[in-house]
Amino acid sequence: MSAIVDITSREILDSRGNPTVEVEVELSSGARGRAAVPSGASTGAHEAVELRDGDKSRYGGKGVLKACSHVENDILEVLQGAESEDQIAIDNAMIDLDGTPNKSRLGANAILGVSLAVAKATAEELELPLYRYVGGAYAHLLPVPMMNIVNGGEHADNPIDIQEFMIQPVGAPTVADAIRMGSEIFARLKKGLSEAGYNTNVGDEGGFAPNLKSADEALGFIAKSVEAAGYKLGEDVTFALDCAATEFYADGRYNLKGEGKEFDASGMISYLEDLANRYPIVSIEDGLAEDDWEGWAELTTRLGKKLQLVGDDLFVTNPERLRRGIKAGTGNALLVKVNQIGTLTETLEAVETAHKAGYACVMSHRSGETEDSVIADLAVATNCGQIKTGSLSRSDRTAKYNQLIRIEQQLGSAARYAGRSILKNS
């Protein structure tokens, strides 16, 4: 085993041009690991805290020099000499050093950067791919991509209230074929939107962000694109939504301003149910607001047997909030975002907790991403079976798809694509 000898950090840019933290860890063996930390736009109120400088003269106050300083001073002082393979002890040492329930003193962006860089350095020393080091010998399941090809909500400057409209190539035989199918559908969608007179600018996650008026219109364009690409709806390709409902929830009401509609929780559930009855939607993320526990209970009762109901803002990859949801029978799937909780150890604990309770897991990017493809490895390491990493454009998104293709090739005959096994009624 090797000890940590040095930790360095720097301010780099994410995919939105905002600063974020990058960390490098060096071991006594000479092995090194580097990790860049993503950032979200529609963030849950219960997420671990991302430390920003607040200095308006730099990056409009979004600088992360304080977080970088914590890495190179406070955290290095505690971790220098620690054995890199003891990931749990390393992560717990940083949690204890921070001393807050939400990592607000050192910053989850500082802590996560170190946590992931340590894992990468150790994997390099052991001459193992990261997915194998973290997941062990049974890490061989390639996830179904949830490809966000139409962006709305906080991810785009258009009237669409729902944040993400995704396709899932469940009928593909391999992840490489799934990515190819997604690319072909994406190209058809661009052609269809352009011919209808809509712009084909892309949003934060690489999906198109046209000025469509409703979710129904967006789903209609996607359905036509799937068929134009030669695939069968519901058989080759299914749909998924991320409503990010907290963003349009206030005073007990869900206000879809773009569509001119307003609902209570029951009405919002009926709205989603109608869409799911008319399109091959198999998964809905954050269909209701993060603290509308009563509404979520009704949502799960009404739709949970036939649809995957994913908690993102609801659970924020936090094992404690997840356990509350499991106990209450709320939702049936966890969205996994490493920066919501802030360490690799806690992320793996959340996935294990979800799997033990029979909840599905979806590994996820953030809207502010980097070229770091770590979530592709973690999706395979944890046997999640599903991954959200944006559309088929922008290299910050395609970097993850390209890494999945590499992993599948490395695994050879041992590789398995999750495919239709992720469906509730498969």
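Each residue's number is its place along the chain shown, starting with 1.
Quick reminder: no glycine exception, Cβ is built from N, Cα and C everywhere.
Note that the coordinates shown come from a computational prediction; the quantities given were computed from them, not determined experimentally.
Just one of E217, E262, E285, E290 is listed by Swiss-Prot for the same Mg(2+) site as D242, D312, and that one is E285.
What Swiss-Prot records for the (2R)-2-phosphoglycerate site is Q163, K337, R366, S367, and among K190, K327, K388 the residue it adds there is K388. Ranked by Cα separation from E205 (active site, proton donor), the binding-site residues Q163, D242, D312 are led by Q163. Annotated pair K337 ((2R)-2-phosphoglycerate binding site) and D312 (Mg(2+) binding site), C-alpha to C-alpha distance, rounded: 8 Å.
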